[in-house]
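What Swiss-Prot says about this one:
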- 161, 164, 214, 217: Zn(2+) 1 binding site (BINDING)
- 178, 181, 200, 203: Zn(2+) 2 binding site (BINDING)
- 2-67: domain 'J' (DOMAIN)
- 161-168: repeat 'CXXCXGXG motif' (REPEAT)
- 178-185: repeat 'CXXCXGXG motif' (REPEAT)
- 200-207: repeat 'CXXCXGXG motif' (REPEAT)
- 214-221: repeat 'CXXCXGXG motif' (REPEAT)
- 148-226: zinc finger (ZN_FING)
């Protein structure tokens, strides 16, 4: 039996052409469409065996070079048991049609694989499950968030058992392939046109049975652990951001990769600065004399220098914002820095002495309209309504 002839394709056929040919023939000879037809059942097994080999690049290369008795062949040829078992043929059928149900390697995985990922544990039909992802919260000071910092976290979870290297068995002879599911972890049953797969009750979906479990992990392949993890937090992070550390979650099972560690950031508020994106806002209260005459003032910053000199122009009004470029927060993606926005608040004096009041009265007597352009404009607008108003 030549596998290419069975599928009706050339030896140079692409993987897509091979899959297309198999799907057409598998549907044609599927037992649900041909109940009681022994010849159709035989053809279904043959096309499934051919597809199992030709759809695998490594097996196909070996088949092209050595034929059915190549180094990857089992006791019954490339199909393991020559596809004599209908269960194997149905499993191959589901694998070929699995991509239509979520892109998984089988019908069962296509339906249910996404749920495992949502909870941080991805699995395959042979029972290998990625370790669960972990999450921790870390609180930073405002300054630490601005400059970046390295933190050490204590993380509890599971690590790979060093005694058995994650196999769960005391030695190599302590593991055997599950005879019921032949290592797939699934039992395939025909339920209408699309066959269904269920977890193998013999091995619990693991695809293998541990006959001599490891004494350290009791057959689990991993043990509870607490470890210190060093986290390098970049400058510019903000509350609500998270860092992903691949492979720092729980150890996987049956050789599957470890989960990830997610570090959620909280940043404490600052008594002086307010953050808005990459910009910093500083409220600067000044007296009305400084507002009128202008001034130069040292103001705080988050840079190493600690301060910078700000020029307040004369005649500045309350609420005016002065921008100091590149004195804000660093961008977490390395795109420069934000600005320092200084919001001026002109404070009206309180608790004046008689001498101060007298000086203000003298100043008031010298006021001119051009000293208060907003006041003059306001009075001009309402002059027609209130005749007793004078300037």
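Keep in mind that glycine also has a Cβ here, set from the backbone N, Cα and C atoms.
Other residues of the chain with a Cβ within 8 Å of the Cβ centroid of 178, 181, 200, 203, the Zn(2+) 2 site, are 179, 180, 182, 183, 184, 185, 186, 187, 201, 202, 204, 205, 206, 207, 208, 209. Cα-Cα distance from residue 178 (Zn(2+) 2 binding site) to residue 214 (Zn(2+) 1 binding site): 18 Å (rounded to the nearest whole number). The distance from the Cα of residue 200 (Zn(2+) 2 binding site) to the Cα of residue 161 (Zn(2+) 1 binding site) comes to 25 Å.
Along the zinc finger (148-226), the predicted structure has mean pLDDT 87. DSSP states for the domain 'J' (2-67), grouped as helix (H, G, I), strand (E, B) and coil, give 47 helix, 0 strand, 19 coil. The number of other Cβ atoms within 10 Å of the Cβ belonging to residue 178 (Zn(2+) 2 binding site), over all protein chains shown, comes to 20. Across the binding-site residues listed here (181, 200, 203, 214), the residue whose Cβ sits among the most other Cβ atoms within 10 Å is 181. Put simply, residue 181 (Zn(2+) 2 binding site) is 23 Å from residue 214 (Zn(2+) 1 binding site) when counted between their Cα atoms. Cα-Cα distance from residue 181 (Zn(2+) 2 binding site) to residue 217 (Zn(2+) 1 binding site): 25 Å (rounded to the nearest whole number).
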